[in-house]
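Engineer: Input: one structure, supplied below.
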């Protein structure tokens, strides 16, 4: 099929799909507007139950609707691209540009050297002229072990590259290739030899990693090891530059006599007193050093765990960069981030919808954002070049000439470019290179490039271009998303914010697309509200949604069902599974109630100067038992984390609310089934959904016995008094219908009445707080008489300062509590009362299997109420004691002042009398 015919057919299908989706989105928008209208015109009046909760729900739904509108910018105009490599080679086979590949690693402990060199070997083996390909490894840890591994890889490449070309190997990462073959494919002699060479190399590298010492033989064979001394460490070392192979050197050839690509090791200088700007600083050092060695006009950067899975990726990319019509406006080509170690149902979620749907939508509005790996750049745009319609960048280049200086002279000259002081008083990190000051420096850099007039391209080939390693524990996943969402929100409040910096420079659809990701973390507020408040109001029996019989129920039902269908369809269309979509929903909730909370708070603290940016490298290796549970799709909770504490607390809160509702429906029958489902169907479904989606958390809390269960430290934190008191107060406060708590001033007599059902247990307590007179203090208390509906006396307390007790109501009716104050002073009293049906005298449940459970639930509820009453009683006692102490202190002060004044007066009187006495004696003696 020709290019024109293929494009015409593809555009027709795309146009039909776009029309259908726009019709669907328009109908969904109408439903959202109807929901907003319902919320606005049905707000409870002041004083009515549920008014504050209703207003909060209106705010949360306003936010969800607004955010949904933002996400439509990523779906309204999707673009899918296809390349024709054969035509590229026909036109420019001898004029292809030089390509520099940057591989970055930061820590050999969490990014094993054997994984790093597999990535390096995969990009050295591209189906591309080797004399025009240069590979640079940035080792930010300055590890001699990583250098040793790269040296071993350079030797193995002399055998690996010819083997890949001879058998057209895919993928070209040795480890991935050997793993992908079946036993029947491993009988070839060439295969056996290359596998033996790889195993020998891997064994040597892993042996050095375990020992931590480089063999003496290797040190003698290569002078590069002299760059390391005993003082070198991960955060304190000099610049180290080593050219391991140079394509301009005629002697640098593989076993078949073919030139090898240039291979360079770089460890930029790092000192404790100089901030190193994380990955952005490493990339900028690579840009400077490579410009003096190979100076390829095209730069590919990949993470050390993201090996090349498609040997034709460079050719595919050049189809965009060398297109006669549109290449002059393209700054970078972004490939999707794909992972090889994901489980079938993607336990911890994925980037499937982002890669399969949203980035195609950004491409239709001017191009995707730069995600930091698997991206091909024009060198000029990374160096700050502005876009111009008239200026054209010529990428066609011949093989560079031979160097005039030797390798050692070149290394010594260029090491200064990687020093930690080189960028002082320059525009690096500001106008040149990757931007500094943001955890997602890649997104910020791509944004500024697009604001200069450039466009980008999103290309998703049939064979994935790159495969990496994703997180294998829940904690790693949440930390990664915390960093991403925090960095995106920082961009929103920076001088490069899309709102003001990109306004007028970016396509409006692209600007809204950036806002979609910048506003990831603020989603936590609305999601938290929806996860807590409806469930608590459900326990209280207050409906926050329309009744099933109401016409307003239809917009809510339509929006919920349509959104679920749309999200599942997108996920399945992107290649996922139904269970994978369910896991994606779970992670959607977990991220917004943990990662995004911490990200949001951190950004707010940074705005006030209370926090600094940090960069956390996600570990690329896991224990064998962790990997086994991951392959079995068992969620890993093994690491204690504040995020895990939040998730567990929310899960338990929703479980309590649902169990409380079941108790009221089945046991006490305070609420009828028909009434509950008619008035609160959506709240019940929401609470049930939250409990259902949290099943792995309940499993990790109560049932699992392996090391992947929720750690005991987290359970203790969840079970700590502060958290349990919080949950207890929330549940009791929202579920209590017969509670009374009051602090009042009594002159002579005050009476209170409360209606109690037969069989209910009535808890009450009181504490005499203080009297009106400042000088009054007495141990005399007040009298309390409790009488039943027919006037019978139940309790009679005399001269009590405080009391806490309970009784069972044997008759239904109004009970009176009368206080009498015999003191001539006014007294302040704290009085608490609660009536609840804890004893199941009228239980009619027939299923005997549920009886023990409900008894335990009743005991738990009673214990929670007792905690509340105990707390109120102790607080009142504390208030009383504080007031008494304060009064005694004042009286002590007044007494001391009075005594001091009396002593002073007596002293003055004594002086006066003595003086008068001596004057009389003196007069008599003179006479």
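Here the Cβ of each residue, glycine as well, is placed from N, Cα and C on the backbone.
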Engineer: Which of these ranges is annotated transmembrane segment in TrEMBL: 440-461, 462-483, 484-505, 682-703?
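Structural biologist: In TrEMBL, the transmembrane segment feature sits at 682-703.
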Engineer: Examine the ranges 403-428, 637-662, 767-792 and name the one recorded by TrEMBL as transmembrane segment.
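Structural biologist: Residues 637-662 are the ones TrEMBL records as transmembrane segment.
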Engineer: For the transmembrane segment (20-40), give me same-chain residues lying six or more residues beyond its boundaries with a C-beta closer than 8 angstroms to one of its C-beta atoms, as numbers and ranges.
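Structural biologist: Residues 54, 57-58, 61-62, 65, 68-69, 72, 75-76, 546, 552, 555-556, 558-559, 562-563, 566 contact the transmembrane segment (20-40) from elsewhere in the chain.
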Engineer: Take the transmembrane segment (511-532) and find every residue of the same chain, 6 or more past its ends, with a Cβ under 8 Å from one of its Cβ atoms.
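Structural biologist: Cβ under 8 Å, 6 or more out: 56-57, 59-61, 63-64, 67, 70-71, 73-74, 358, 361-362, 365, 369, 443, 447, 484-486, 488-489, 491-492, 497-499, 502-503, 589, 592-593, 595-597, 599-600, 603, 650, 653-654, 686, 690.
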Engineer: Where the distance is taken from Cα to Cα, which of the recorded positions 279, 303, 442 turns out closest to residue 140 (UDP-alpha-D-glucose binding site)?
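Structural biologist: Comparing Cα positions, the candidate nearest residue 140 (UDP-alpha-D-glucose binding site) turns out to be 279.
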Engineer: Select the closest residue to residue 442 (active site) from the following binding-site residues, measuring between CA atoms: 111, 279, 303.
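Structural biologist: Result for residue 442 (active site): the nearest of the binding-site residues is 279.
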Engineer: Give residue numbers and ranges for long-range contacts of the transmembrane segment (552-573): same chain, 6 or more residues beyond its ends, CB-CB under 8 A.
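Structural biologist: Counting only partners 6 or more residues beyond its ends, the transmembrane segment (552-573) has Cβ contacts under 8 Å with 24, 27-28, 31-32, 34-35, 38, 42, 68, 352-353, 356-357, 545-546, 580-581, 584-585, 682.
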Engineer: Return only the integer: C-alpha distance in Å from residue 111 (UDP-alpha-D-glucose binding site) to residue 303 (Mn(2+) binding site).
Structural biologist: 10
Engineer: Near residue 303 (Mn(2+) binding site), which residues of its own chain have a C-beta under 8 A away, given they sit six or more steps off in sequence?
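Structural biologist: In sequence order, 103, 104, 119, 372, 373, 468 meet the Cβ cut-off.
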Engineer: Near residue 442 (active site), how many other Cβ atoms are within 10 Å of its Cβ?
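Structural biologist: Total other Cβ atoms inside 10 Å, all chains included: 23.
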Engineer: Mind looking up the mean pLDDT for the domain 'GOLD' (749-835) in the predicted model?
Structural biologist: 80
